[in-house]
Amino acid sequence: MQKRVRNRLITIIICFCSAFLGIGIILYNLENNIVFFLPPSKINAIEQDKELRVGGLVKTSSINKIAADKISFIITDNIKDLEILYQGILPALFREGQGIIAIGQLSDGKFMARQLLTKHDENYRPTR
């Protein structure tokens with residue numbers, strides 16, 4: 001009887017340890033995705049050359065086309081502004097006043113975006 005209880009206890013302990021280890025691995029892998037984006041006011045100079053997601057509204061009259069596929073614009077969270085440089089195809093919903101999320105790196109006070117995501121409201125409006 002003593003041996004059965006001990007074996008059952010060892011099995012339960014191994015199951016709990018495995019479950020905690022699995023949860024730990026999942027949380028470690030999700031670490032970069034827990035905070036989807038940071039507003040410009042939360043970006044520090046400390047985060048230079050680190051992969052970031054920055055979100056805000058495209059500031060009015062801030063879009064400058066540098067080349068056919070290169071653009072610069074400013075995003076704001078009404079506290080601080082951040083200049084974004086992007087090379088590539090713009091998303092279809094990109095415009096002034098639109099909420100966007102830029103994925104890239106901060107370098108010399110400018111954000112070098114490698115990908116842009118546009119945000120939209122929850123109302124669906126089919127094209128006419």
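Residue 1 is the first one shown; counting continues down the chain.
Placement of Cβ uses the backbone N, Cα and C atoms for every residue, glycine included.
According to Swiss-Prot:
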- 1-8: topological domain 'Cytoplasmic' (TOPO_DOM)
- 9-29: transmembrane segment (TRANSMEM)
- 30-128: topological domain 'Periplasmic' (TOPO_DOM)
- H120, Y124: heme binding site (BINDING)
Looking only at the topological domain 'Periplasmic' (30-128), what are its DSSP counts of helix, strand and coil residues? 9 helix, 44 strand, 46 coil
CB neighbours within 10 A of H120 (heme binding site), counting all protein chains shown, number 10
Close approaches to the topological domain 'Cytoplasmic' (1-8) from elsewhere in its chain (Cβ under 8 angstroms; 6 or more beyond its ends): none
Helix, strand, coil: count each for the residues of the topological domain 'Cytoplasmic' (1-8), based on DSSP. 7 helix, 0 strand, 1 coil
As a test of reading the model: what is the averaged pLDDT for the topological domain 'Cytoplasmic' (1-8)? 87
